[in-house]
Amino acid sequence: AELGTPPRKGVPHMSHPAEAAVGDNSVREIHEDHLESLNVLPVCVFIVTYRGSPRNIWANAQCLKILDVSLADFCERDLELTGTDHERSQWVNRFQVVEEGLEPLLERNIITHSAQKQICVETACNPCVFVEGHGGDQVRTRCCMVTQWPLEVKSKIEAHTSYQTALLESSPYPLCFFSFDGHLITCNPAAVNLFGQTIWLQSDIFGMGEGERLGLNPASAGVAPPPTEKTERRTAYENMMDALAEEGSVFQVDLPIKRDGAEGPETWYCRVFAQRQTDPVTAEPIIMVSHQDVTNLRKVEGELGRMIMTERTNKELKEQHDTDVAGSLLTLLGESSLGVQYEGRGQYEEERPGSSMGTPRTASSTAADPAFSDRMMQLNGLRQCLDSADNWAFDVFELERESDGLPLQVLTWHIFNKHNLIEEFNLDHVKLVQFLRQVESNQIDNPYHNATHVADVVQSTHCLLLKGGLDRFVGKLEIFAALLAATIHDFEHKGFNNDFLIKTTDDWAIDSNDKSPNEHHHLSAAFRLLRQPDCDFLHRMPHQQQQAVRKMVIDMVLATDMAEHMAIVSRLKSDLQKRLENPDDDINDGGEISESLKTLVLQAAIKLADTGHLFADNDVHVKWSVRLEEEMWRQGDVETDMSMKVSFLMDRQKPGVTKSQPGFLDFVIRPLFETWVACFPECKVLTDRIESNYQYWKAKERQEVEEAAAAAAKEG
């Protein structure tokens with residue numbers, strides 16, 4: 001995040017010291033008020049000059065802790081007296097390259113801990129000027145800032161940053177990072193998707209031109225800027241700079257921005273939330289910006305800032321969300337350790353739209369805000385919820401709450417990263433995010449067949465692949481195909497079953513010639529979406545692999561038609577169970593497994609996952625059962641309105657699904673799961689969990705019979 005560096009794509013991170021060291025010959029000034037932010041870094045940082053006799057100037061707390069010395073003792077050390085020949089040679093090189101040549105230098109060293117423990121570190125040496133005092137009493141020393149990363153810390157930070165980056169990349173909320181002179185450093189895909197590629201052209205938070213930005217660079221503060229026009233954007237920026245004077249302070253403002261429109265650039269209004277942060281490596285100030293409530297509410301000149309809403313705006317508003325999960329994730333995933341707090345929405349809700357006045361808040365006051373605490377609890381809940389995605393007892397309704405109603409894209413991205421699929425197949429992660437957004441946003445809000453159900457199936461598929469004992473039958477490509485199939489298996493589901501679509505001559509039935517109309521549409525619509533340029537995340541995958549994935553996805557999604565249920569159970573028994581039970585079959589000795597058998601296993605797996613609520617915790621299972629009953633009743637209502645015969649279990653005036661669960665489990669579900677467990681004993685826990693839910697329904701049946709008998713006896 002060095003001032004003056006060109007934009008770099010990706011989320012700002014601290015995975016390697018070279019990020020801060022290479023590519024910028026400018027000399028950074030370090031003032032005494034910068035030392036506090038350097039002091040809290042989890043890596044060793046010290047400032048030293050090698051001119052003449054080497055002399056220590058300052059060290060942060062981590063460095064002093066490792067050396068077990070005070071700052072005064074560190075600065076008084078006689079380096080010439082204690083240094084080895086190797087160290088003296090190293091000092092000469094640092095002086096020539098860094099202090100004289102003003103070039104960064106990367107090294108790998110071994111340092112000795114106070115307990116005589118040796119630590120291998122990566123070292124970044126950067127040129128700097130240490131400024132002591134203020135005003136006319138300043139003392140300026142050209143020196144070297146040395147940052148040492150213990151390799152074990154570096155590994156932890158890389159893993160941490162990878163997870164953080166994944167979550168930010170998958171966030172639906174626009175998030176940008178800027179240098180303090182207003183230049184864009186980086187942004188996430190949501191920002192590019194919202195503003196278009198012009199976000200890299202407008203280059204700053206408020207869309208100012210170069211003329212408007214004159215004199216904003218703090219490094220040029222001593223130079224009188226040429227006259228500039230006091231535009232609304234520049235005024236807002238200057239107000240923000242005043243508000244962000246202290247680290248951790250925040251600022252919020254409503255203002256116009258430019259974005260791509262169908263007929264060229266459009267002026268939109270949005271709420272900009274900004275927070276001052278510190279680059280973890282360079283200690284330079286940076287600005288994290290979240291664009292919230294982005295709408296094309298048009299400002300009406302001459303009407304005191306009143307706005308009108310177009311029909312298009314009304315549609316767009318329905319797709320916006322009120323909280324900024326992405327920005328807050330920075331705090332959740334590590335920025336809090338640097339003393340940085342994040343403030344989202346809440347106390348500014350009554351602020352007049354169109355106002356250019358922001359409200360600064362300090363880190364301490366933000367942390368004490370109950371609304372902030374509530375948000376942080378929510379985000380901690382999201383992290384914990386995602387961490388539980390490997391468990392059979394996963395609660396998808398909890399994920400629905402914690403992800404602000406976006407369970408499918410958040411969970412699917414998390415699981416794709418869990419299996420390392422993006423790196424394995426060189427997937428275009430930006431287009432993958434857009435694809436997942438489109439899949440979720442196009443899921444109809446049915447009681448049962450909705451985005452939350454799809455997320456539930458993705459999670460169940462993930463668990464089967466992870467710990468279901470399928471290793472012999474699936475490789476990375478099969479895992480990818482299975483998770484993709486789960487993601488799109490109910491795409492655009494209308495809430496009606498195949499029989500209804502066929503009887504009503506629905507377009508989907510016509511297109512599929514009455515064969516699995518739902519499943520055929522889910523597939524064709526999803527693959528059409530995948531062909532769109534901004535959603536084609538497979539474009540770097542070899543064509544042969546793409547074809548193999550497509551075939552597996554088609555076979556799996558078509559298998560979710562309940563009309564195929566008994567045929568798949570029968571094939572599972574004859575083609576797999578019997579072979580596994582035959583000790584002479586080479587399948588038990590690592591023999592080659594045919595593609596057709598792999599396909600059968602994948603088809604059965606997605607069928608298990610599609611009914612995953614049956615092995616969920618009882619409260620989750622009951623909630624899904626009630627939702628399914630309501631969806632079926634809604635179909636029955638439509639059938640009644642159309643003067644059709646109401647389908648079985650779909651008459652709202654008669655017992656529904658929740659009254660027939662024991663029979664459904666006995667005659668439909670048990671044969672599938674018992675055959676599966678015979679093939680994959682690792683899944684025995686699933687039949688145990690189904691049995692628990694089965695006993696719940698049987699007990700409920702007995703209770704209702706007893707209550708009916710008691711009522712009849714009372715009447716008699």
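Along the chain as shown, the residues are counted starting at 1.
Positions of Cβ are set from backbone N, Cα and C atoms, glycine also.
Checking the candidates Asp585, Asp586, Asp589, Asp610 against TrEMBL: the one annotated together with His453, His489, Asp490 at the Zn(2+) 1 site is Asp610.
Annotation for His453 (AMP binding site): spatial neighbours Asp490, Trp624, criterion Cβ-Cβ under 8 Å with sequence separation of six or more. Counted over all residue pairs in His449, Asn450, Ala451, Thr452, His453, Asp490, Asp610, Gln661, the record's binders of AMP, the longest Cα to Cα distance measures 23 angstrom. Most Cβ neighbours within 10 Å among the binding-site residues Thr452, His489: this distinction goes to His489. The average pLDDT computed over the domain 'PDEase' (365-704) stands at 92. Calculated from their C-alpha atoms, the gap between His489 (Zn(2+) 1 binding site) and Asp610 (AMP binding site) amounts to 9 Å. Sequence-distant neighbours of Asn450 (AMP binding site) (same chain, 6+ residues apart, CB-CB distance under 8 A): Gln443, Ile444, His493.
Contacts of Asp610 (AMP binding site) defined by a Cβ separation under 8 A and a same-chain sequence distance of 6+ are given as Val457, Ser460, His489, Thr560, in order along the sequence. Mapped onto three states, the DSSP output places Asn450 (AMP binding site) in coil.
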